[in-house]
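Annotated in TrEMBL:
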- A:1-31: region 'Disordered' (REGION)
- A:33-52: transmembrane segment (TRANSMEM)
- A:59-78: transmembrane segment (TRANSMEM)
- A:84-105: transmembrane segment (TRANSMEM)
- A:110-130: transmembrane segment (TRANSMEM)
- A:178-198: transmembrane segment (TRANSMEM)
- A:228-248: transmembrane segment (TRANSMEM)
- A:268-293: transmembrane segment (TRANSMEM)
- A:305-326: transmembrane segment (TRANSMEM)
Amino acid sequence: MFGSWHKPSTSSTATAEPGAEQRPAQPKSGTRWPWSLLTGLIILALAALIPLSGDAATLHTWTLILMFAALAQSWNFLGGFTGYASFGNVFFFGVGAYSTGLLILAGRPFWLGVLAGAVAAGLLAFLLGLPVLRLRGHYFAIATLGIAEATRELVAIRNLGGSGGEVELPLPALSDTAFYFLFWLLALACFLLTAYLARSKPGYALIAIRESEETAEAMGIPTYWYKIGAFVLSAVPTALAGGLYAYWSTGFDPPTVFDVGISVEMVLLTVLGGAGTLLGPLVSAILFELLSFQFQISGSTFHNSLLGLTIAIVTIFIPQGLVGLVQEFFRPLAPGMSRRQLLVEGVRRVRRVIAANGV
Amino acid sequence: MNPTEPRSGPGALSEQRGFVSTQPATVSNSSQERQQALLQVDHLESGYDETRVLWDVSLEVRRGELVALIGANGAGKSTLLATLSGLLPAWTGYIRFAGHDITHRRAEEIVRLGLSHVPQGRRLFSALTVEENLLLGAYTRRAGSQQAIKQELEEVYALLPKLRERRRQLAGSLSGGEQQMCAIGRGLMSHPELLLIDELSLGLAPQVVDDLLNALDVIHREKGLSLLLVEQDVQIALERADRAYVLENGHIVLEGTGHELLQNERVRTAYLGA
């Protein structure tokens, strides 16, 4: 399932040859960033209106949606921009949750716990990144998965600080709306950081690593340190989300906050939305989490199968992600096209989307 | 094919003038360094993990020279370039560039010193536009040098006008020749003193190769850029080169001026099919 996105455009490099003058309308980029930024900000502004509904269930759902939006976006910093797919980012979520839980149990204020979790996750990402980011491609994915799984086993056995297996926290002093806006701020911060990366020198350096790491190195980009930087950048918001989650849900069962399913969800949401894109993780977190909750409400026994089926269909037909699909359709047309040519071009675009997977 | 032939590219002359006039003098202290080696490689050995590829390789590129490196597939040409640009560690031996010992320097520092590597197979960042690719070539330039980078970009566009037309296009959508142009342009963006080009003509139509070589001639002769050209088309390489080396099984087996090697019996039978 993940094979198709890892190096999205290498195939087009190999095929070019002289005499290819009749290539289809030239793909362009560079103009879409402001639109993506605007769209994302509008979506987040609308999301800020959710608490007005006054419905506790809706608020709960959207709190989780924003949490996953933050998680997917922070996964995107490393996984999307550099193409290094970490399957262990839940480790940082767990570190955030655990630090917060333990510090609250020790009588410290919750914000101190959340911050301590973020700092710890950042440091751990740096230290783990030193060996792990020397690995390439699948080896990196396996190593990160191993770290997260090992930690899960460890906390399942030891249950550090927990009473009877669970870390139980006192009822939070914050209202649900306050929590909602904390998650909202986190999602917004991640979005703005992505927007910065999509347009800045460090961001281009990360993309260069994804496109061709050796060439990036030859251009004088210190690829190793960039990867470690992106890993830290992706760990910190994940830990913040973990800390907030722990306090919001008044405790947790230790192995669940290290569950590999959360990692997979970060990867899925980003890839389904469009890895390395600005809007992708945000949009797909909203769409697929809403869909997931709908399936849960309606078809109780089948909801996971239905969700899985939807994901499979999306992956097969839109390997470049939702954002890629939208961009394909809104790509600027060559000027002076007749209506007939427009129709032909439309049909061609639909076919190209399908053909992109070799169907 | 002949370097003295007039350039066949569109607007060649005006582009040349534009390119030269905006160019600050690169060969500043040329009087004392002209005959001195810009790049000097002594008894270099290198390879991958356990496999030794280069055995006791010594060569040099003097300032303003075009040096060709020819050899069969697997002779170690690309390995040599990768070692020079710091992508592969040197096992033993010594590499000196522009007065610095770069044997064990990191790729980043080597680019900063003015050695730029155009890798084999173009290796563009295909999901980025042509202009973004070029700007990444200027990665090592200081943050404060926006103006200089912009000027460098203009010079590259003047030299390779096709790139200006295509600048907002994704690099992966270019034709093979345009991709090679983009790769060379990207290599020039770091403002190098020595450009290493790995397989310029591989898989390109003769006309495209001609255009590229003419563009390189301009920067080589008028800007004083030194070139180390790895080329599988031995005829093209030796006709243009001031000097050339023949690499076989990781050893330098022959060296001489381009014309000497063109006449050489061994080169003619092994590489020119004569």
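Glycine is treated like the rest: Cβ placed from N, Cα and C.
The shown structure was predicted, so the numbers you read here are calculated from the model rather than taken from an experiment.
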Remote residues contacting the transmembrane segment (A:59-78) - C-beta distance under 8 A, at least 6 residues beyond either end: 47, 50-51, 53, 84, 86, 89, 93, 176-177, 179-180, 183-184, 186-187, 190-191, 193-194, 197, 206, 227, 230-231, 233-238, 240-241, 244-245, 248, 262, 265-267, 269-270, 273, 275-276, 280-282, 284-286, 289-290, 293
In contact by Cβ distance (the transmembrane segment (A:228-248), the transmembrane segment (A:84-105); 3 or more pairs under 8 Å): yes
Stretch-level contact, the transmembrane segment (A:178-198) and the transmembrane segment (A:305-326), CB cutoff 8 A, at least 3 pairs: no
For the transmembrane segment (A:33-52), sequence-distant contacts whose Cβ falls under 8 Å of one of its Cβ atoms, 6 or more beyond its ends: 58-59, 62, 65-66, 177, 180-181, 184, 187-188, 191, 195, 198-199, 277-279, 282-283, 286, 323
Tertiary contacts of the transmembrane segment (A:268-293), as residues 6+ beyond its ends and Cβ separation under 8 Å: 2, 5, 8, 33, 36-37, 39-40, 43-44, 47, 61, 64-66, 68-69, 71-73, 75-76, 79-81, 83, 187, 191, 194-195, 198, 207, 210, 303, 307, 310-311, 314-315, 320-324
Cβ contacts under 8 Å made by the transmembrane segment (A:110-130) with residues that lie 6+ beyond its boundaries: 91-92, 95-104, 147, 172-173, 227-228, 231-232, 234-240, 242-244, 247
